[in-house]
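What follows is a single structure, written as structure tokens, with notes after it.
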Amino acid sequence: MRPLMLQGHERSITQIKYNREGDLLFSCSKDQKPNVWYSLNGERLGTYDGHQGAVWCLDVDWESRKLITGAGDMTAKIWDVEYGTVIASIPTKSSVRTSNFSFSGNQAAYSTDKAMGQSCELFLIDVRNADSSLSEQEPTLRIPMTESKITSMLWGPLDETIITGHDNGNIAIWDIRKGQKVVDSGTDHSAGINDMQLSKDGTMFVTASRDTTAKLFDSESLMCLKTYKTERPVNSAAISPIMDHVVLGGGQDAMEVTTTSTKAGKFDSRFFHLIYEEEFARLKGHFGPINSLAFHPDGKSYASGGEDGFVRVQTFDSTYFENIFE
């Protein structure tokens, strides 16, 4: 089936995310304006206008009422999903690199970059009664990162922990009640982690790293379960909610890209078997590295956002579901 090509960004995509039901697809890019799309037909429903810098991250809450974004203009913003208005704008001392709502939707976490003389910090805020006064309130928790900066973040089970992926390849679990690190993965990855995404049941998550691999980890012990190897940096990876499949996307850094790379298959979405670690399919499409991937919650399609500024929504053919490993 022909993919849907969503063209609404002027610069490269930084992150895409589906809401829980999968009817909405959110995208953000370096062009300052996050977008929301109707995932079934690719219609753009609206933009969230207010940031003054590249938007690095976004997340939508469980009920699709609030959206949180973090940007290079040194703010994290909470938006009303339906009306597109800013509920709260939280100033920070450096760029906001990651942002996530907790599963309950009561809290949100975001992290700032190690830049301009500022250290990387992880912040927790209460968003139950979020309004403009949130910008003056102190965060409920603040954890300074003494080592490497956070490049990716997930909430752990029951909103009790936060899993962070770092620029040096480390993964750590933080107890948010104590504000302390409880598990450290060591150096399973030899280079920075670009993305982390949970499985549907939350028991494991997949990482995408600059060391050219994606790995599957246990969410509680951080034990490395599987490794998916490629030849170039992996920017994003996602786990199918219905099949034992993992999709990887990446490519070289934008500086190293040449126009011939497209022919060489360097910008494909690559499908691996979750358990056997074998690559079984590739899908072409983007003219440049893939920066973000997301499976639709029903597992029947997936979306990819690339350096070329396009979001592509690809619906799987029936043969995909019949693909049984011998």
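Every residue gets a Cβ built from N, Cα and C, even glycine.
What Swiss-Prot annotates here:
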type	residues	note
REPEAT	8-47	repeat 'WD 1'
REPEAT	50-89	repeat 'WD 2'
REPEAT	145-184	repeat 'WD 3'
REPEAT	188-227	repeat 'WD 4'
REPEAT	285-326	repeat 'WD 5'
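Of the two recorded stretches, the repeat 'WD 5' (285-326) lies close to the repeat 'WD 1' (8-47), with three or more CB pairs under 8 Å once pairs fewer than 6 apart in sequence are set aside. Summarised by DSSP class, the composition of the repeat 'WD 3' (145-184) is 3 helix, 22 strand, 15 coil. The residues of the repeat 'WD 5' (285-326), classed with DSSP into helix (H, G, I), strand (E, B) and coil, number 4 helix, 18 strand, 20 coil. Per DSSP, the secondary structure of the repeat 'WD 1' (8-47) breaks down as 0 helix, 21 strand, 19 coil. Each residue of the repeat 'WD 4' (188-227) gets a DSSP state, and the totals for helix, strand and coil are 0 helix, 22 strand, 18 coil.
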